[in-house]
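J.: Encoded as C-alpha cells, here's the structure I'll be asking about.
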Amino acid sequence: MATTVTCTRFTDEYQLYEDIGKGAFSVVRRCVKLCTGHEYAAKIINTKKLSARDHQKLEREARICRLLKHSNIVRLHDSISEEGFHYLVFDLVTGGELFEDIVAREYYSEADASHCIQQILEAVLHCHQMGVVHRDLKPENLLLASKCKGAAVKLADFGLAIEVQGDQQAWFGFAGTPGYLSPEVLRKEAYGKPVDIWACGVILYILLVGYPPFWDEDQHKLYQQIKAGAYDFPSPEWDTVTPEAKNLINQMLTINPAKRITAHEALKHPWVCQRSTVASMMHRQETVECLKKFNARRKLKGAILTTMLATRNFSVGRQTTAPATMSTAASGTTMGLVEQAKSLLNKKADGVKPQTNSTKNSSAITSPKGSLPPAALEPQTTVIHNPVDGIKESSDSTNTTIEDEDAKARKQEIIKTTEQLIEAVNNGDFEAYAKICDPGLTSFEPEALGNLVEGMDFHRFYFENLLAKNSKPIHTTILNPHVHVIGEDAACIAYIRLTQYIDGQGRPRTSQSEETRVWHRRDGKWQNVHFHCSGAPVAPLQ
C-alpha cells in the first residue's frame with residue numbers, strides 16, 4: 001500500500017508568531033527561521049478554499065516574486081506547500097505604510113515627494129525589466145522597511161501581477177483598484193506596462209496635495225473621469241507646486257498609453273533626478289492635513305470591507321455563502337461602519353477635492369443575455385432567468401482591489417458568444433453557426449440517439465431542412481446558467497432550457513432539456529468545441 005508523504009518543511013523550519021495582516025483567503029504572520037533566528041513575514045494561504053484558478057494565481061504570484069530582487073521590493077525568500085496551506089515567506093517590513101509615515105513627519109516637502117516617487121519608480125522599472133506588470137500600485141502596497149528615518153520604500157503585494165513579453169499589449173483581464181485604474185483597462189483594451197505608470201501618476205498627485213486626481217462616490221462617474229483624463233491642478237494648493245512636478249504628472253497621466261512616459265524616462269525627469277535644485281523645499285502642511293483625512297477614509301473603508309468579509313464571507317468579485325452562525329452583534333458592527341462611512345464620504349473636505357471638470361455621466365448598458373436551446377427548434381427570443389453567476393459588487397470602495405473582474409468579464413463573454421451562436425441558429429444561418437463552432441465539434445444530443453456526433457454535417461441537415469424553413473414563434477427561458485472558467489482559454493456553461501413553441505396542430509407546447517457547452521478560445525475567438533443535450537428529440541425523426 002502506497003504511503004502519502006506530507007510536506008512539513010515550513011512547520012519544521014519556522015516558528016509562527018502574531019498576526020500582522022489579513023486578507024480574504026490568507027493571513028500574514030511574523031515568523032522566525034529556527035536555524036538562523038532571522039525574522040520574516042509569512043503569508044499563509046488556506047488552499048482548501050481555493051479554486052483551480054486561484055491555485056494558478058498563487059503559483060503565478062510565487063513565480064513572479066521569485067524573479068524580483070530589488071531593494072525597493074519586498075523580497076520573497078521561500079515558497080512552501082503543506083497539506084491545506086501554502087506559505088510565502090517574505091521580508092519582514094516593520095515601518096508600516098508610506099502614507100501613514102508621511103503624516104507623522106514634522107517636515108514634508110515636494111523634495112520628499114520626489115524621493116518617494118523615485119523609489120517607487122525604481123521598483124516599477126525593475127518589475128518592467130523582468131517582464132512583470134504589478135497592476136495594483138496604490139498607497140496600501142507602499143511600505144517602509146523600518147521605523148528608522150530615511151527607511152527605504154518597499155513595493156508589496158504581487159497578487160495581481162502578470163508576466164509580459166517585452167512591450168506586449170494584450171487584454172489580461174479587468175483587475176486593479178478603482179481610483180488607480182488606467183483608461184485602457186476601463187475601456188477593456190489591450191494593455192501592458194504603462195498601466196503601472198498611470199497608477200504612479202495618481203500616487204504622485206496624492207503625494208503632493210493629499211487627495212486623488214479622480215474622485216466620485218459613483219464608481220461609474222469615477223470611471224468616466226479617468227477615461228476622459230479629467231483632472232486639474234486647482235488653487236490654492238497647486239499654486240505652490242513647481243511646474244516641473246505638474247509636468248511629470250501630466251506625462252504619467254497621459255490617456256494614450258503609447259505616449260505615456262516610461263519608468264526609465266520618468267527616473268530621468270529633472271524633478272526626480274535633480275530634486276535638490278528643481279523640487280521645492282517648502283514644508284507642505286496643507287498636504288499633510290489632507291493626507292491625514294485621505295488615510296482615515298482609506299482605513300475606514302478597509303474596515304467596512306473587512307467586517308463585511310467577516311459577517312458575510314463576502315469579497316469583491318466572489319459570491320459565497322455566509323456562515324449560518326453569524327452573530328447579530330457583528331452584523332450591527334457592519335451597519336455602524338456603513339453609517340460612519342456615509343457620514344465621512346459625504347464630506348468633500350475630508351481629503352477629497354471636488355472635481356471642477358469631470359465628464360458627464362453616460363450610461364453604457366450591457367445585456368447579459370445567455371441563450372442555449374435545443375438544436376432543432378431554436379428560439380426567436382431568449383431570456384436568462386435567475387442567473388446565479390451574477391457576481392456581487394462591493395459597496396463604494398475606491399481603495400478595494402478588484403480581484404476577479406477578469407473572471408467575471410470572461411463569464412459575460414461566454415454568455416454573449418453563446419447568444420451569438422443561438423442567434424445564428426435562430427436565423428437558420430449555417431455559415432455564421434460554423435464560424436462560432438470548431439470544425440471538429442462533438443456532441444451528444446437526443447437527435448443522435450445516444451451516439452457521439454463529430455463534425456458539422458449532422459447539424460447542417462437541420463439547418464437546411466428545418467431551421468431555415470421554420471417560421472413559427474418560439475420562446476426560450478434559460479434557468480440557472482452556470483459558467484465555469486477553466487484557465488485562460490477554456491470555459492463551460494451549463495443550464496436548464498425551457499422551450500415554448502407551437503406544434504403542427506397549432507397547440508402551444510413546452511419542452512425541457514439540460515444542456516452543457518464547452519468553449520475554447522483560439523486566436524482571441526471563442527469556439528464551441530462540444531455540447532451535451534438531454535431530453536427527447538425535438539425534431540420529429542421520420
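Cβ atoms here come from the backbone N, Cα and C positions, even for glycine.
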J.: Which one of 233-242, 283-292, 313-322, 473-482 shows up in Swiss-Prot as region 'Autoinhibitory domain'?
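T.: Going through 233-242, 283-292, 313-322, 473-482 one by one, Swiss-Prot flags 283-292 as region 'Autoinhibitory domain'.
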J.: In Swiss-Prot, which of these is labelled phosphothreonine: Thr366, Thr401, Thr516?
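T.: Comparing Thr366, Thr401, Thr516 with the record, Swiss-Prot tags Thr401 as phosphothreonine.
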J.: Tell me which residue from Thr356, Thr400 Swiss-Prot records as phosphothreonine.
T.: Thr400
J.: For the feature phosphoserine in Swiss-Prot, which residue out of Ser358, Ser394, Ser513 does the record point to?
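T.: With Swiss-Prot as the source, phosphoserine is noted for Ser394.
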J.: Which residue, chosen from Ser81, Ser371, Ser443, is annotated phosphoserine in Swiss-Prot?
T.: Ser371
J.: Tell me which residue from Tyr17, Tyr180, Tyr223, Tyr501 Swiss-Prot records as phosphotyrosine.
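T.: Out of Tyr17, Tyr180, Tyr223, Tyr501, Swiss-Prot attaches the phosphotyrosine annotation to Tyr17.
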J.: Using a 10 Å radius around its CB, how many other CB atoms surround Ser26 (ATP binding site)?
T.: 20
J.: Helix, strand, coil: count each for the residues of the region 'Autoinhibitory domain' (283-292), based on DSSP.
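T.: Its residues fall into 8 helix, 1 strand, 1 coil.
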J.: Helix, strand or coil for Ser26 (ATP binding site)? Use DSSP.
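T.: Reduced to three states, the DSSP call for Ser26 (ATP binding site) is strand.
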J.: How far is it from Thr287 (phosphothreonine) to Tyr17 (phosphotyrosine), counting Cα to Cα, in Å?
T.: 37
J.: Across all chains shown, how many C-beta atoms besides its own are within 10 angstroms of the C-beta of Tyr17 (phosphotyrosine)?
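T.: That number is 12.
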J.: What does the structure give for the C-alpha distance between Ser26 (ATP binding site) and Tyr17 (phosphotyrosine)? Integer Å is fine.
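T.: That comes out at 15 Å between the alpha carbons.
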